[in-house]
Structures are given as C-alpha cells and as structure tokens.
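What TrEMBL records for 1-20 is compositional bias 'Low complexity'. Per TrEMBL, the feature region 'Disordered' maps to 1-60. Marked as transmembrane segment by TrEMBL: 92-111, 135-154, 166-188, 194-212, 281-299, 329-353, 400-420, 426-445, 457-476. As annotated by TrEMBL, active site applies to HIS413.
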Amino acid sequence: MAAASDRAGPGADPGAGDSSLRLRRPPSADAGDLPGDSSSGQRESGEPHPPPPNPQQQQQHEMLYFRASAPAHRRVKESPLSSDAIFRQSHAGLLNLCIVVLVAVNSRLIIENLMKYGLLIRAGFWFSARSLGDWPLLMCCLTLPIFPLVAFMAEKLIRRKLIGEHVVILLHIIITTSVIVYPVVVILKCDSAVLSGFVLMFLASIMWMKLVSYAHTNYDIRVLSKSTEKGAAYGNYVDPENMKDPTINSLVYFMLAPTLCYQPTYPRTACIRKGWVIRQLVKCIVFTGLMGFIIEQYINPIVKNSKHPLKGNFLNAIERVLKLSVPTLYVWLCMFYCFFHLWLNILAEILCFGDREFYKDWWNAKTVEEYWRMWNMPVHKWIIRHIYFPCMRKGLPRGVAILISFLVSAVFHEICVAVPCHIFKFWAFFGIMFQIPLVFLTRYLQDKFKNIMVGNMIFWFFFSILGQPIFVLLYYHDVMNRQAQASR
C-alpha cells in the first residue's frame, strides 16, 4: 500500500487512509482525458505546460487513473454528432469516407454508361472547322487590346491638361461601350460555335470591367490629388504608392493580372515556382477534360431525351431536373476549381501577383447573400468598389444600391449566355434578378431557425437542385429549336 501511495503522487488523496483505492480527480484530467493531456487545467489557467511524462510515468498514471474505484464519468458532455457539438469536431474521416464512396459510385456509373452507350464525345458542339476558320471572331479577339491603349491615351491627355474632365469621361464611356458592342455585333453576324462565342464574350466582359475600373480609379486619384492640394486631410485612406500617374507598364500588368480592380501598384511575391505552375497546369487540363466528359457523356443525353421544362409534363420536367442536378453540379464544381483556383493562381504565380483571395469558403454559406459575397471575389470587389459604394455615396438607399448591383450582374450574365447562343429569352437575366427575393427568403429562414445547417442546406438546394438544371434545360431546348428552324 505504501508503495502505491508513493507512486500516486498528486493523483492520490493525502488525507485518505487507503490512497490506492480512494483517488481524487487529477488536476490535469479533463472530462476523461488522461493525466498530463494537453487539455489540462494548467493550460486553462494560463500557466505554462508541464514537461511531458516519460512512457513509464504515463503508464503508472494510467494504472492509477483507471482503477475500478476511479470515477469514469466526471462531467456533462455532448455526443460528437449532437447539434451543439457537431461543428466543434473534426470531420476529416467522414470527408475521406465521402470521397471513397463518391469515387466508387461514380466509377460504377461511368463503366455502366460506357457499356450501355459507348463513348459519346463529339467535338462539333464545342468547336467546328467553320468556327475555327471564322476570321471575324479571331480578329475581334486580337483587336480587343486596342481599347485599353485608347483609354491610356485619354488618361495621358487629361494628365497633360490637353482635354477637360468632361471630355475624358465621354471618351471612357465610348471606349467601354465599344468594347462590349463590338464583339456582340461580330458574334451575331457570324454563326459560330457556342463555346467560341462564349469565350469571346467572356473576355470582352472582363475587359469592360477592367476599363471601367481603370477610368473610375484614375478619376478618383485626380479628385483626391486636387483635394489634398487644397489642404484636405484623408489620413490613412490615401496611399501615396497608389496615387501615381498611370503608365503603360501598370496598364499592361493590370490587363494581364487576375484582378478586375485597377491600382498603380499591387502586392508582389518574390519569385515564380516553375514546378508548381506545371503541376497546376496538368491539373487544369485533367479537370477540363473531366468537365467535357461529364457534359458529353451524361448531360447531353439527358437533355436530348427531355422536353422543354415549360411546355412538357410537369412530373417529367421535375424528373429531368433532378436527374441533371448531380452532373451539372459536378461540372460547376470542376469549372470553379479549374478557373478560380487553378487558372487564376497560375496567372498570379507567373505575374508574381500577391493577393490571391479569389474566393472564400462559399460552400459554407448560410444564405444566398453570403454565397454571392464569397464565391467570386474579383467580381465582388469590383461591384463593391465601382457600383455599390458609389451609389451609397450618392445618397441612394442600401436596397437601391443592391438592386443596381444585381441589375448590372444580370445584364452581363444575359449577354455572356444569350449572345453566343443567338437567343434572347432573358432566362439568365431573370435568374440573377430572382436572387434578390432569395436573399431575403434565405436570410429570414436563417434568422428563424438560428441553425447554420438549415441555412446551408437551403442554399445548396436552390443552388444545385433547382437553379442550374432548369437553366441548362431552358437554354438547350431554345438553342436546338433555333438551329432546327435555321436548317429548314
């Protein structure tokens, strides 16, 4: 007994007659943890960690701590999957299980699909010899850099005071309008492949936003420079590094950089990791091929065997939408990973662009509003900087500023989709504007249930189950109808 008492140390009750049987809770034991565990009372009190025990001491502690007379239940604890504790636990193992199950299930589906239908991939829907040899689209794409050069010349003229402020504003309006109208006219005049037209409109839209930012930022720099010359103080809000005159080098870097917001200088990294860039390029090629395989092998056959969702049987439309929800979600996730993670990071690495927050954890969004704030950070920053806060500074209510922001987004979504498809049914426009009531609905439901899981599930339901499959069916049938009428 005496020997056991000597070994017990701080774990034994010094006032007990039989210290080997009557144990009190060691200071380091927290809710069933072993003595000496990192979740000790010393850490909670802010004291330094004790030195870790050697294996022999640890074994002696365990022998005493887990005696039959020692209490096994020491405090109130929640189950790991209970609603109060589920988000405090690590779910890495469950994530690995989901990945294994997804790989197994989808591998079986791929093999079954190939055995039943064969390889259905065809290039005609994406590219055609006619569209690749269509010189107007190619020339339009190659001549787009003319517009930034004209914008730079306008800024140089205003800096040298050769033209007035109103004239340079008018020039920028003409330049930014032309950079959108020009490719729209070319695409509508040429019966090109859908993907070729989409790429051209995508590049033109990016250039439009960059030129708007370029003009707006330089205008604001001129206003701030005049105000500071008159003695106005802006404190830390004015960075001298970002008050420089525009140069051709800063313009070229901005037009190539993975950002839509112009500033004379950007945070830069020290070097280019060539091996890392090659690995990301390989990933980008693999996931792009995976997207094409899913579209050709799964999505195209499903939509071919469906009817227009607004004209056919309602139950059949629901069945097609649900059947499309999984492959369209896979394609969207692959697209997001390829563009926002791989391609933008590759571009940032090559250009040593430092700020690489191209997205946030939008998959944890509790409301539609949170999703739009987090999934596309370059566009979000552009809208906040050049639309939302300028509207607020003009005295417009917050709701009106949000409405204008969604309106601009809806117009460009419609242009980027409708123009390459040669149809104007405004499905994309109404789809984006429908996000406004969804913002208020999901916010209300989130406030009502006060549960992060409810809000996140509602977001995923509207995002993947309803939204994307419906618009795929709408645009596919409208495009097919147009091509059928054109071939008559």
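Placed from the backbone N, Cα and C atoms, the Cβ positions cover glycine too.
Residues 299, 303, 306, 308-310, 317, 320-322, 324-325, 328-329, 332, 365-368, 370-371, 417, 421, 423, 425, 427-428, 431, 438, 442, 445-446 of the same chain, all 6+ positions outside the transmembrane segment (457-476), place their C-beta atoms under 8 angstroms from a C-beta of that stretch. Long-range Cβ contacts of the transmembrane segment (281-299) within its own chain (Cβ-Cβ under 8 Å, at least 6 residues beyond either end) map to 110, 113-114, 117, 119-122, 125-126, 324, 327-328, 330-331, 334-335, 337-338, 342-343, 346, 472.
For the transmembrane segment (400-420), the partner stretch with the most Cβ pairs below 8 Å, chosen from 92-111, 135-154, 166-188, 329-353, is 166-188.
Contact count against the transmembrane segment (194-212) (Cβ pairs under 8 Å) is highest for 166-188, out of 135-154, 166-188, 329-353, 426-445. For the transmembrane segment (135-154), same-chain residues at least 6 beyond its ends with a Cβ under 8 Å from one of its own Cβ atoms are 163, 168, 171-172, 175, 178-179, 182-183, 186-187, 189-190, 192, 196-197, 200, 203-204, 207, 210-211, 214-215, 246, 248, 251, 255. Away from its own ends, the transmembrane segment (92-111) comes close to residues 297 of its chain (Cβ-Cβ under 8 Å, at least six residues beyond either end).
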